[in-house]
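The transmembrane segment annotation in TrEMBL covers 12-31, 37-56, 68-85, 113-133, 154-175, 187-207.
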C-alpha cells in the first residue's frame, strides 16, 4: 500500500488545524475588540505551534496520526464543545465579568473556580482525551494492556488540566502587569489553550523518560544475568 503525502504530513495538518481553530475561537469570543491584546494572543498561537512541534520531536511518527496528536485533537474538540455549552448556560459577558475578579487567586483556587464556572469545558476536555483510547489501540495494536493506556491517558489529562489552569493564571498576570485595565475573556482562554498543549508536552516527556529508563534498566539486568 503506497503511502500518500497526506499520511506523511497528517500531524502537521493537525497542528495547523489546532492553531487555526484556536485563532478563530479567540477572534469570535473577543468581547472588546478595541483592547490592544492581540500581541499576547499571537503569543498564544505561537506557543501552541511550538508545543505541537515539541510533541512531534518527543513522539515522532513517520506515517499516520501520532497518539499525542489524536488525544490533543480530541481534547481540543471536547474543550471547544464544552465552552460552547458553557456560554449557552451562562452568558459570555457574565463569565468574563466573573473571571475579571479571579486574577488574584492561587493556581489551586483558580482551578476550582474555573471548573465551577465553566464545568462543561473541563468535562469536554477530559472526555475528549479519554475518547482517544479506542483510536490509540488502533494506532498501537502491539499495546494490549488497556489499563496501562488508561493510566497514561488519565495522567496526560491531568497534566493538560493543570496546564489549562496555569496558562490562564500566567496570561492573566501578564495582562495585569501590562497596565491593561479590564481583563479580556479571550485572553484567559488563550492561556488555557496554550497551557493545555504544554501540559501534554510535559506529560509525554515524563512518560517517554520513564520508558527510556525502564528499557535501560532491563538492558542492565539482562547483561548482569548473562555475565553470571
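Cβ coordinates come from backbone N, Cα and C, glycine included.
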Interface check, the transmembrane segment (37-56) with the transmembrane segment (113-133), three or more C-beta pairs under 8 A: no
Intrachain residues whose Cβ lies under 8 Å of the transmembrane segment (187-207), provided they are six or more past its termini: 18, 22, 25-26, 29, 37, 40-41, 44-45, 47-48, 51-52, 54-55, 58-59, 68, 71-72, 75-76, 79, 83, 99, 125, 152, 155-156, 158-172, 175
Range from 12-31, 68-85, 154-175 with the greatest count of C-beta pairs under 8 A to the transmembrane segment (113-133): 68-85
Intrachain residues whose Cβ lies under 8 Å of the transmembrane segment (154-175), provided they are six or more past its termini: 37, 40, 44, 71, 75, 102-103, 105, 107, 110-111, 114, 122, 125-126, 129-130, 183-184, 187-200, 202-204, 206-207
